[in-house]
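K.L.:
Dropping a structure here in C-alpha cells format, bear with me for questions.
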Amino acid sequence: LSADKSTESKRKVTCLLKLVSAVGAGRCRLSKIGASRRPPPARVRVAVRLRPFVDGTAGASDPPCVRGMDSCSLEIANWRNHQETLKYQFDAFYGERSTQQDIYAGSVQPILRHLLEGQNASVLAYGPTGAGKTHTMLGSPEQPGVIPRALMDLLQLTREEGAEGRPWALSVTMSYLEIYQEKVLDLLDSTSGDLVIREDCRGNILIPGLTQKPITSFADFERHFLPASRNRTVGATRLNQRSSRSHAVLLVKVDQRERLAPFRQREGKLYLIDLAGSEDNRRTGNKGLRLKESGAINASLFVLGKVVDALNQGLPRVPYRDSKLTRLLQDSLGGSAHSILIANIAPERHFYLDTVSALNFAARTKEVINRPFTNESLQPHVLGPVKLSQKELLGPPEAKKARGPEEEEIGSAEPMAASASASQKLSPLQKLSSMDPAMLERLLSLDRLLASQGSQGAPLLSTPKRERMVLMKTVEEKDLEIERLKMKQKELEAKVLAQKAEDSKEKENHCPTILRPLLHRTVTVAKPLKKAVVMPLQLIQEQAASPNAEIHILKNKGRKRKVESLDAPEPEEKAEDCWELQISPELLAHGRQKILDLLNEGSARDLRSLQRIGPKKAQLIVGWRELHGPFSQVEDLERVEGITGKQMESFLKANILGLAAGQRCGPS
C-alpha cells in the first residue's frame, strides 16, 4: 500500500511539474510577443557638471571635495572613512573648466533630432541651491546656456526640414510655466490663475488653458521668453542672491504635417526644466515666506525621488500624482521621452552633504528606463465617392445568384479559363477604375503584400454578407442624395433663367413717360463723365524712349450727343470728346508672353504674384503642368481653373500692364 501511494504521489507531482512548465512556457511566449510590440527602451542619460569655486566664499582656498577621474567618472571623499573615496560613473562628467558649449554639444544637441521624428525629449537641471542650475540652462549673453542654444538649433532644423519641396510642413510653438508652492502658473500670461494638469485618452500630459506662442525665428522666441522670465519667482537667501523659488518648465512643440497623401501628422515635445534646488533651512536662514517656499520645493523633490525609486524597483504604483512636478514629468521619467538629467554639484566642503545627495539621486535616475515612440496620426482626407457595381460588392455566391440565366451559362466557362491562367490572377481592386489613382495604387500594393505573405484568406474586398449589405445600402443612399441635389440644382437654374426672361421682357415693355418740355427750352441728354486710365510711369517712359514704339494708352473716340429743341423737327447731334482705353498689340503680345513664361517656369509662390491667382489655384497650376507638360498658350489656363472667356479677358487685362512694366502684381 505504501508503495502504491508513493507511485501515485510521484505521478501527481510529475503531472503538476509538466503543467507548471507548460504554463511557464506559455507565459514566456506571451511576454516575448508583448515585448516585441512595445517600443524599444531608452535609458535616462545622466551628466554631472562641477562648477568652479565662487569668489569670496568661505573655504575657497581649501581643496575641493570632488575630483573628476575621466570624462565619465568622478570620486568624492567618504565622510565615514576619510581614507576612502566614493566613486561614481555616469554618461558624462564636465569639470570646472568645461564651457556651456561642451555641455550642450555633448549631451543636449544629439536629442533634438528626435523631435523631427515625432518623439518627445526632456532636459532636467538638478542639484542643490547655488550649484549653477539656472546658469546651465539660461547662461548669460556672453555664455548662453542650454535653452537659447537648443532653440536656435531647433528653429534652424525646422526651417531646413520644412522648406519648399520637402515632404513635411513644420511649425513651432512655445509655452512657459512655473510650479510655485504646488500651483501651476503661466509665465506668458500673468493674469491666469492656478492651472490644472490633465491626461488625454492616449496618455499624453496636457495643461488646458496654457498659453502657446508660435515662433518662427530666435527673435520671436526672445520677444516672448525674456518678459516671461521676469515673471518667475526668485528670492535672496544666504547661499544665493537670486535663488529660484519655483520649478520653471519651458515647453516647445514641433508640429509636422505631411504635404502629400496620406497626410500624416506628427507632434514632438521638448521639455527644458530648471528645477529649484533642495535647501537646508539651517544654512539658508529661511524664515516666513521663504521657509514655506523651501518646504514646498523639498516636498516636490522628495516625491521625485520616490518616483525614481518606484520605477527602479518595478512597483505597481508610481506616485506621479503626489506632486504637480512629478505629474508634469510623467513623460520624462518612465514615459515616452528621451530624457537627460544634468546634475549640478559644487566643489566646496560645506556643500558636501548636498553633493552626495545629488550624486546618489543621479545614480538612481540612471537606471530609469523610458520607451519613446512616434506620436503620429492620420489626417482625415475626404475622397470622392467610389461607385461599385452590384457584382463587385457581392461575393462569389451572391454574384452568382444575382446573374441571369444567360450570364450563368456564359459564366460557367469562365472558371475553367481562370484556372488555366492562375498565374495571371488579377486583384479585384483593379476593377475600381473610378477610384482616386493614388488611393488605388496604395490598395493594390497592400493586396500584393498580403498575397506575397501567403495569406490564404479571401481577397481584400470580400467582406461578410452583412457588411456587404450595409455597404450597398450606404452607397445607394449616397447615390440617391447626389441625384436629389442634382435635381434641386436644375430647378434652381430653371428658376433663375425664368426670372431673367421676365426681367428682360419687362424692360422691353416698359416705356418711360416723357414730359413735354416748356416752350423755347432746349433739353440735352446728360453727357457721360470722361474716364482716364493711369498707366505705370516706367511703362510710359519705356514706350516714349523707344523710337519705333507707338504709345496707345488712351484713344480719343468721338461720341455724339443729342440736342432736342422745340423748333427743330428732329434732335440735332453734336460731337463731343470721350476717352477709351486701348492697348497696343505689341504690348498685349509682350504681356501674354510674360504670363505664359510665368505659367511654364514659375513656382507656386511666383504664380501667386498674378492677380486672381491664390494659393490653391497656384498649386493646381503647378500640378497640371507637371502632369500634362508646359502650357502652349495662355488660354490653356481655362482647363485648370474652369474660367470663362470673359474672365480670361479680365485676367489678361489685369496682369498684362503690370507684367509688361516689370512690376509684380499682388494677389487679388
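All residue numbers here begin at 1 and follow the chain in the order shown.
Cβ atoms here come from the backbone N, Cα and C positions, even for glycine.
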K.L.:
Among 202-233, 394-425, 490-521, find the range that TrEMBL records as region 'Disordered'.
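P.N.:
Of the candidate stretches, TrEMBL labels 394-425 as region 'Disordered'.
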K.L.:
Which stretch, out of 79-111, 112-144, 475-507, is listed as coiled coil by TrEMBL?
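P.N.:
Coiled coil, as annotated by TrEMBL, spans 475-507.
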K.L.:
For the binding-site residues listed here (GLY127, PRO128), which one has the lowest count of neighbouring CB atoms within 10 Å of its own CB?
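P.N.:
With the binding-site residues GLY127, PRO128, fewest surrounding Cβ atoms within 10 Å: PRO128.
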